[in-house]
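What TrEMBL says about this one:
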DOMAIN    38-130  domain 'Ig-like'
DOMAIN    307-402  domain 'Ig-like'
DOMAIN    449-543  domain 'Ig-like'
DOMAIN    648-743  domain 'Fibronectin type-III'
DOMAIN    748-844  domain 'Fibronectin type-III'
DOMAIN    848-938  domain 'Ig-like'
DOMAIN    943-1037  domain 'Fibronectin type-III'
DOMAIN    1045-1134  domain 'Ig-like'
Amino acid sequence: MIKRKEILTSVAIKKQSRVPGVIITQCVEHLPLGKSTPDFIRKPLATTVQEGKKAALKAMVSGEPVPTVTWERNKGEVNDQEKYKTRYDERAREHILEIPNVKLDQADSYRCFATNEYGKAVCTTTLTVTEGKEQIYYENILLFFFPSVVVTRKKQLPPMKEGEIDPKLWELLLSAPRKDYEKICFDFGVTDFRWLLKRLNQMKKEREDEQAKVVEKLDDVKQIEVKPGGRAEFSLNMTLWDPNSAINLYKDGKYVPYGDDENSNPSLKKTGTKYVFSIKDPQPEDAGFYQLDVDEANVLTTDFQVPAVEFIAKIKDEKAVESEDAIFQCVLSTPLNRITWSRRDSSLEHGDKYEITVSEDKLIHTLRVKDCKMADNGAYYAIAGITSSTASLTVEGGFYHCIPFLILKKLSCASLIFPPFISHIHFLFVDSDIVLHYQMYMTEFFIISKILLLTVADRGVQFVSGMSDTVANIGERAELSCKLSSDASEGRWYKNGKLTNEDGVTIIKDGACHRLKIDCCKRDDTAVYRFEAEGRKSEATLNIQDPPKIDSDALGKFTKPVIIKAGDNAQWKLPFSGGAPMNIQWYKDDEELLPALHVKIETSATESQLRLTKCQRKDSGEVKIKIKNEFGTTEATSKLIVLDKPTQPQGPVDIVESAVTSIEFKWKPPKDSGGCPITNYIIERQQLGRNKWTSLGEIFGNNASYKDSDVDPGRRYCYRIRAKTEEGISDYLQTDDIAAGVLRYPGTPTAPKVVNAFKDCIHLTWSPPCDTGGTKIVGYNLEKNKKGTNYWSLVNQGGPITDTKYAVKDVFEGAAYEFRVSAINLSGAGDPSIPCDTVIARDPMIRPKFKDRNMKTFVVVRSGNTVRLNVNFEACPLPEISWLKDGIPVPKHVTITNSDKGSQLLIPTSERSDTGVYAITVKNLVGQESFNVEIRVTDNPKPPGPVELDENIPGTVTLSWLPSPDEKRDDRLHYMVSKKDSFKPTWRTVADNLFNYKFTVVNILPGWEYYFRVFAKNDMGLSTPSESPFLVNMPETKCLDFQSPPAFIVPLKRRIAPQGYECHMSCAVKGDPAPRVTWYHNNISLNTNTNYHITNTCGVCSLLILRVGAKDNGEYNVVIENKLGTAECSTILNVRGINL
């Protein structure tokens, strides 16, 4: 190796080389006459050499004096004379670096330096070393002698042939989204890729069919990119049918092992359905053609290129003001079609926000960030190969300051002085005053002391808003408008300089607004329109366009699908209108149709026709016409459906069952049904060793499976399957040889288990055998053995039991039995199970219990009606049933009907004497259960006696009445009082649940007429009322002292209540001030007990017990007290139905 000469310079001037990728540095400020810096006439080319071969890197240089050429490599030295040789070929004037015997570890980036006393030039190239034939031969030897050794090598792509497309291009296009087709093709030198689409679509369908076998869903495929963090990544979203499917990564056809942790290189990171493959710290040797396979199906292909490139000029930090653009630019040492611009691990795409451009020599790459916002702050990356450059963007906010409005009076003269930083001035005229409003834009803060010295004169009418250029279509409406500063101003409209007075043109003046309307635009309405008023004018251009149009009826006919049979012709015709010239294009599945042997296109000025001849099934698809002129584009879409016979059913054929007496198999429907639904499948069979095919008939098309029940055990059969539609019969799908099963019996089920036993039935259950004998279980045989005999008899005489449970009814009460079960498959019945434990046929012992949880405990019946009580119970053995009324046997006229599951009490015609508590007792050997129900036989009560009124206290009236005659026969009878006055003619209830014969009504107003009613009330309802009118004429009252000690007006009454029912007690008290009332039960205060409802309304004190129990039996006291004294009243509550 020749060492480089060190150059001591005081300057370093970068110069542009004529050869892309060459960096020239000039080390003197001025070159002497006739001298020059080094440069490359031809730089070394990237070279690929097979291992063991000779490699040569060649370069031609220029410069005066003649430069010295040296070589370096990125990883390692080139000073080993046995491995590296440098020489100069004088005839070819080439400097050569030779490597006689290339090894894999010598693949690297190599730099060539040309140096003289005035500067130096440098360029980079890449040496790639591929595996030699010896390695492949060695792998083949391993595979032959050691089959267990896995050679992880993928089938290589075919080599590129001259004049054909590189197979790598096809593979990349199959994995790339449509938007990336252009740049991928450009990398391979293909500038027009539209002619590739048809074949590409066909290849994609085939690839998708392969992927569908192992992948349920595949999307969001991203090609490999180097990220700002230094990793090279490619990713995809993928849902596998089988999560255990093998995922293999290949590079240049050779398997690449990977791990699932961050330290692995390469590594796989899986998050949900997203798979990300990354290469940590990529190097030139990582470059290659990567393919990702799931089992045998390829799901992603990407090409990782590592060009030998450096940044001559890196991107620099930028500052920009909001709404302005920011530009990043870098210069490369080697021409590249594109580099990756990135931000926060996301690549930037050319579009509305970012503009990415490349110079003609492919060395200068530029990123423009448009309309900068605060969100655009941050780091930006330029990535070329595995080399990156970073810079930051700082977006500063703009400062817009508005000086307040200045109101200026009209003056005789005007002089206006503006400072240079004022950029926008707006004048607004308001009557005789002028409002001056101006804005200024400042990049730094500063103080304004004196800004304006101005006087302004009156300028007359002005345009507040002028006209704007307008575009309209033929036949549509158009409008031009402007607004003046004065409502009184008149004006005129001009078209191309002439006053406009045409038909169809409407001129409107609305205050200061002036409008010109054209209701139906014509082509000659295109013109320059001007509005003038008092010497002021505003003008705008109206452009009338005539875009393509399609009649709606013709469009409706065109969009209907065209359905033909294979071999027939298809035709579309579509009339149109619009401005000439028209450009008509026909498309089939997004591919443009051009006139050809089977494609006929005829187009006139108003119509276009497409005719496709001798159509085949593959021609089915979307047909589209695109009509375009200078004013716009319109499209119409139709559909072509070509009917043909179906393709053959799809394999492989899956064997569902291969039994002794039957063979069952299934297949997949045809990939293409020919446009018609499958009606039937035709099945044929051939026995192995015979030439004859036998028709087995047809099955419905919705069932892609067949069961052949006419087979001999052990024989082999072959089947043909054809699909049938209205258009014909498909080719056949032939199965492999399928062998019928041999006799193999199932294993033994588990011993039967007794679920329950009765005197006439025993319920059993068991589990299926673990060994089914290779075929499905068709049923079971159940056998029984009566204890004390050796004979086993078959229980299921009517055929096999299909379930794993059975109810044995052929048993004798009190007898002991054993049971065993055997399984049956297509070969026959297997061995029986071990017997179950001995079971005796007898009913279980069940303690009596009532089934109905919602049985009523209280029943009210009108006297004379029928009483019917049904009580359901469960008991075993059969119980004894007894009914009692109030503790004694029921009367003879009461009918009792018993069964093994219930009992009924029936009173055909009830009387009041039938009222009482009826108790049913169900008793057997296990225990007994009782239930009580109270039956109350009653009728509507008779009314109380006459009502008397007493006005003892002003503002109140005390009512008293005689008791109802039914009170002695009904202890639940009580009274209700209603009131009606002369002001409100409706009856209102003022008291209820009264068990005494007096009540005081309060709030009686003087001079009003009142009516009162008293009702007797029981469980059946209300009696007729006892009424009494009353007129109050109250004299004037004097202020008197009404204070009095507490006293009982109506005392408590003795109460008897049935257990479980409510009980109501009340009394009336008086006293001023109103006395405090306290209730006691057995000398315990009840006022704070939530089990009792206590009220005090206008002196009527009530206690309500919601559900009377044994604990409520006893003495109740009411104590009333105020500051003048104390009074007490007591009563006894007897609870009926308890044993004291």
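Backbone N, Cα and C atoms are what each Cβ position is placed from, and that goes for glycine too.
For the domain 'Fibronectin type-III' (748-844), the model gives a mean pLDDT of 91.
Summarised by DSSP class, the composition of the domain 'Ig-like' (1045-1134) is 3 helix, 59 strand, 28 coil. For the domain 'Fibronectin type-III' (648-743), DSSP puts the residue distribution at 0 helix, 50 strand, 46 coil. Across the domain 'Ig-like' (449-543), DSSP classifies residues as 3 helix, 48 strand, 44 coil.
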